[in-house]
Amino acid sequence: MFRPEEMVKLEVITLNRYKDTLLTYLHEAGAVEVREVKVELAQKDTPNEYHRKAASYSISMSRLVEFLGTYRKAAGGGIKEFFFPKEKPKRTYRYERLEKLIKDVEEFLGKVEPEIKAIEGRMNSLSTEIERIKEQIGILDILTPLNIDVSYLRHCGVVEVTVGLVDRTRVKELADALKKETENHVAIITKEASDKALVVIVNLARDHDKVNTLLAKFSVEKLEIPEGEGTPKELMKEYSKKLAEKEKELEEAKKEASKLAEKYYDDVLFYKELVDNERDKSTVLPMLARTNMTFALTGWVPRPDVQKILEGIKRITEGKAYINVREPRKEELEEMPVKLKNPGWARPFEMLTEMYGVPRHDEIDPTPIIAFTYSFFFGFMLTDFLYGLIVGIVAALLVKGHKKFNDGTYKFAYILLWSAFFTMLLGALFGSYFGNAADIMLQYITGDQNAHAWRLLDPLREPMPMLLAALAIGLAHLFLGYTLGFVIKWKNGDRKGAVFEQLPWMIIIIGVALLASQREGLDAAAKAILGTGIALFAVGELVINGGLAALMIISDFFGFVGNWLSYARLMALALATGGIAMVINVLVGMVWAIKFLYIGPIIGLIIFFGGQLFSTAINALGAFVHALRLHYVEFFGTFYSGEGKRFEPFKSKREVSKLELEV
């Protein structure tokens, strides 16, 4: 706790014949972050033809999964599935070598891909044909006002017929231009067609170029005349029959696709996951060094996993390997990855730390601290017992349903569960139950207009004590941050930074706290401490910034004041939550007074529950964001950089498959 997991450097040299099996073992173990071997005398390894095939088959099967997934019957879903998702069953694959896996994949694809591609091609062809028929029906609908055999509208010999749509306002201008260019050797028919005019132009074939130039100039949208004979209405009936037939064929094809999805979807997904992991596994090959007989790899391993990894390497290589495990050198510390290490109760809060950035090797891990302070700030800003209860119930259900997955949803819900506890606690202390709803109920039941729920403090009626409490919390939070910064810098040998950058603010905060306490006998001591802190701060600015000291004194001082005052948002959001809830209650009271056919109470209940649920969601979102901001900007700015490199192990991703490695 407070310190990341210890890391050691692993170096391995072994025979090439163990490469595939060893990489597969490390990939499944997921405990080593592989790094590039920096050796000038050896060659870099490269993916072979089987790795390239794995990448190719991954793309092919992604398309098959996408197609089959579209026509697969949805399993589960809904609210229950959201809260309590089921684990996907995993099939075991006995891994011997990459060549054998590729052979199995090719055998599987040779069986299922032709079936799937055939039905996919048939469906694509039918869909294209249906769209073509719909387009032709649309054209026939436009031609309906002409009421002539559409065969007359096609080109025939020396006469050329063009049918199209043009802007109504340009019809006369177009007709005049055509007559002029063709020396009146043209016939023009116009009909109204929705927002444009339908024009039929009959001209001599020799005038083709002249006519087409004018059609382009006047933006005439040409229509392709559908095949067949008869009036547009007669042909529309024929095409509608064709459309119905093709749509029926498409539905039959979709049913066949659904059957194929039920039959093959899980298998395709299984083999896709196998080749996906092989493709990902091949990405480390360029990091390895090799000779004709051997290869070398290096990487970082968390100390607790070292023994397991060493035993696995020795077993796979039959002891024919050079293995070196050593402490990181001084020049390697900056590139050493960081894996957070926290007790179970704080582990989900690592998500908040990682969103900002993991600590450097010489920093502390703030996760255990923010596990408490973040939840407390969230609760302080939401500050309503029943809002906290709603958030807590939802979070508890998600925690129960997602715990086995340990996924992002579980971690987020766990954080909300702790935050809901503090929301309920502080809501009870401030007497807020859907705002003043509890007070209204008590007054209605007892008939006493002064009755109210027990509370330690009413934020809406006594905002100043609430503001002072928020600022006091902020001062304590900043003091903790500066203290941690002092300890870190002192321990890392930066004594000047500890004394001149961290210590002055610690002393100033103590002085401010003593002055604010207004206790008799402490006034002189408080002023002396505050003066000492300010003097040390000024000296520190001179030592660190030299000629810019005067400017930096103003900047840093007002920066500190700004950070401190930022904690006033604790009070502001608490008041906003109570205020919104109270407004909803006032609206409900106004509507409730309508007694006609019980409309008032019915609408009032809808407004009450709908409004309070909306208020819970919007205020919880605000509390979540602002609690993060107080940590990321104000708190972390005092001691934490988050510039470490996150530990990213060479690890497989498996949801539906499980590998059994044959050694």
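Here the Cβ of each residue, glycine as well, is placed from N, Cα and C on the backbone.
Here the structure is a predicted model, which means the values were calculated and not measured.
Cβ atoms under 8 Å from those of the transmembrane segment (376-396) belong to residues 413-414, 416-417, 419-428, 430, 432-435, 437, 459, 470, 473, 569-570, 573-574, 577-578, 581, 612-613, 615-616, 619-620, 622-624, 626-627, 630-631 of the same chain, restricted to positions at least 6 beyond its ends. Under the heading transmembrane segment, Swiss-Prot lists 376-396 (among others), citing sequence analysis as support.
Panel annotation: around the transmembrane segment (412-432), residues 348-349, 351-352, 371, 374-376, 378-380, 382-389, 391-392, 394-396, 398-399, 402, 438-439, 452-459, 574, 577-578, 581, 620, 623-624, 627 of the same chain, lying at least six beyond its termini, place a Cβ under 8 Å from a Cβ of the stretch. The transmembrane segment annotation in Swiss-Prot covers 412-432 (among others).
Per Swiss-Prot, the feature transmembrane segment maps to 468-488 (among others); the stated evidence is sequence analysis.
Taken from Swiss-Prot, the feature transmembrane segment applies to 497-517 (among others).
Residues annotated as transmembrane segment in Swiss-Prot, with sequence analysis given as evidence: 534-554 (among others).
Within the same chain, residues 377, 380-384, 387, 430, 432, 434-437, 440, 459-460, 463, 466-467, 469-471, 473-474, 604-605, 607-608, 611-612, 615, 618-619, 622-623, 626, 629-630 sit at least 6 positions outside the transmembrane segment (568-588) and bring their C-beta atoms closer than 8 Å to a C-beta of that stretch. Here Swiss-Prot flags 568-588 (among others) as transmembrane segment, drawing on sequence analysis.
Under the heading transmembrane segment, Swiss-Prot lists 589-609 (among others), citing sequence analysis as support.
Within the chain carrying the transmembrane segment (534-554), a Cβ under 8 angstroms from the stretch's Cβ atoms is held by residues 496, 499-501, 503-505, 507-508, all 6 or more beyond its ends. Remote same-chain partners of the transmembrane segment (468-488), defined as residues 6 or more beyond its termini with a Cβ less than 8 Å from a stretch Cβ, comprise 362-364, 366, 369, 373, 380, 498, 501-503, 505-506, 509-510, 512-513, 516, 560, 563-571, 630, 634-640. For the transmembrane segment (589-609), same-chain residues at least 6 beyond its ends with a Cβ under 8 Å from one of its own Cβ atoms are 434, 440.
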